[in-house]
Amino acid sequence: MRILQRALTFEDVLMVPRKSSVLPKDVSLKSRLTKNIRLNIPFISAAMDTVTEHKTAIAMARLGGIGIVHKNMDIQTQVKEITKVKKSESGVINDPIFIHAHRTLADAKVITDNYKISGVPVVDDKGLLIGILTNRDVRFETDLSKKVGDVMTKMPLVTAHVGISLDEASDLMHKHKIEKLPIVDKDNVLKGLITIKDIQKRIEYPEANKDDFGRLRVGAAIGVGQLDRAEMLVKAGVDALVLDSAHGHSANILHTLEEIKKSLVVDVIVGNVVTKEATSDLISAGADAIKVGIGPGSICTTRIVAGVGMPQVSAIDNCVEVASKFDIPVIADGGIRYSGDVAKALALGASSVMIGSLLAGTEESPGDFMIYQGRQYKSYRGMGSIGAMTKGSSDRYFQEGVASEKLVPEGIEGRVPYRGKVSDMIFQLVGGVRSSMGYQGAKNILELYQNAEFVEITSAGLKESHVHGVDITKEAPNYYG
């Protein structure tokens, strides 16, 4: 029998407090998603079909993190989810949605409803701006067969030149009391659009995680051999791809990673792995970040069904030891129950954490809402559950094409308590991490990693750590018992 090491998880260890002059409110939580993409907070929503679609991804990016849209949908639907995130707000919309004057109001309604926008520029066949159709133009129109050109606000319009700053645009929009400012070139060809909503959101969400064009960042999951899906997602503007597998240290994953890096210019996160060798091989194949975790998730049964995995603290430690030599970020995926677990993962060297169950219960998650015994819940399932595998994630567990009655699941379906908005949950998690860094005297995540010291605790120590000897009469928003 070969016992490689004693393996620990989050509840097995505690960090030792250090002398500190650092206040929690003063720490920086800026980190990295990949070697090229920054995060303003080290939180990622999981690529699960009950956790992340466009609503969760938008909420995460506005707060400074990022969401990874799951792949249990056809390519076109996943591309639409990415597009909704990228179109949700922008400093300057460089490829604005537009409509032609000969289209009907019914056509315009489809566009505005689909993209959740209140107006759309109108152009001719040469792309010249000839008007704008807004809510005010159509509010009292009952005949949707009318042509857009008959109802729109026609030229001359207040427009701006290419290269105008957001501050200049804001002044211009306030001066003329308009909500949309088309950007045109010297020939009056539509080149962009600035909306007052985007300017207001820049003030409301100062830490929003945005790309170079002022759009919210978003990632998307893909499977083995899905190069066509990857290409379409990159064209849609996805910021990072997550090559997602229950066993990231496999020949098919390595081959797919190499093919993507050869053919596309995009950062690729690869996982899941738990060993030094796997981390080294994925980095050699071109991985821009390593996702760590086999079996730590609350809905995952891989360790029980397959007898395979590694407790998450030791897994993170293994992978960071190798990845840090190449300056490749590590993402701790799974096993996070409390904000203290996040702090421990970061102190071990992870650059960010991926969260599933804590976000599955939020308003923005795509899971079903339900009431059970008078309490509110949302559905949550593992991507290795029968339900998720029949919807498209069977390839993640190397069972693609297997009949549903022959699937061997590595996850379950369940429910989690309803927890309000994503922002409420992230607020508590961020606050807990800030508190931890204050105890550690760490001004930033790098200092936390460099200086943190751990002790291994006993089962009695764990019992002492939790609430004990008292009945909770009022639940705390960050402690779940």
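Glycine is treated like the rest: Cβ placed from N, Cα and C.
Since the structure is predicted, the reported quantities are computational estimates derived from the model, not experimental observations.
Under the heading active site, thioimidate intermediate, Swiss-Prot lists CYS300. Residues annotated as active site, proton acceptor in Swiss-Prot: ARG396. Sequence annotations record features per position, and here Swiss-Prot assigns NAD(+) binding site to ASP244, GLY293, ILE294, GLY295 based on sequence analysis. Taken from Swiss-Prot, the feature K(+) binding site covers GLY295, GLY297, CYS300, GLU464, SER465, HIS466. Residues or ranges marked as IMP binding site by Swiss-Prot on the basis of sequence analysis: SER298, ASP333, GLY334, GLY335, GLY356, SER357, TYR380, ARG381, GLY382, MET383, GLY384, GLU410. According to Swiss-Prot, the domain 'CBS 1' annotation covers 92-148. What Swiss-Prot lists as domain 'CBS 2' is 152-209, and the listing cites sequence analysis.
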Under 8 Å by Cβ from GLY356 (IMP binding site), same chain, sequence gap 6 or more: SER45, ALA46, MET48, VAL51, GLY297, SER298, ILE299, GLY334, TYR380
Number of helical, extended and coil residues in the domain 'CBS 1' (92-148), per DSSP: 16 helix, 17 strand, 24 coil
Neighbour tally for the residue listed as 'active site, proton acceptor', based on other Cβ positions within 10 Å of its Cβ: 25
Entry from the binding-site residues list GLY293, GLY295, GLY297, GLY334, GLY382 having the most other CB atoms no farther than 10 A: GLY293
Span of ASP244, GLY293, ILE294, GLY295 around NAD(+) - largest C-alpha separation, Å: 14
Minimum Cα separation from the residue listed as 'active site, proton acceptor', reported as the residue among binding-site residues ILE294, SER465, HIS466 that achieves it: ILE294
List of residues, in chain order, with Cβ under 8 A from that of HIS466 (K(+) binding site) and at least 6 apart: GLY481
The domain 'CBS 1' (92-148) [mean pLDDT, rounded to integer]: 87
Subset of recorded positions (CYS300, GLU464, SER465) lying within 10 A of ILE294 (NAD(+) binding site), CA to CA, in sequence order: CYS300
Alpha-carbon distance [ASP244 (NAD(+) binding site); the residue listed as 'active site, thioimidate intermediate'] in Å: 15
Inter-residue C-alpha distance, GLY382 (IMP binding site) and GLY293 (NAD(+) binding site) (nearest angstrom): 14
Three-class DSSP secondary structure - the residue listed as 'active site, thioimidate intermediate': strand
Residue among binding-site residues ASP244, ILE294, TYR380, GLY384, SER465 with least C-beta crowding, 10 angstrom cut-off: SER465
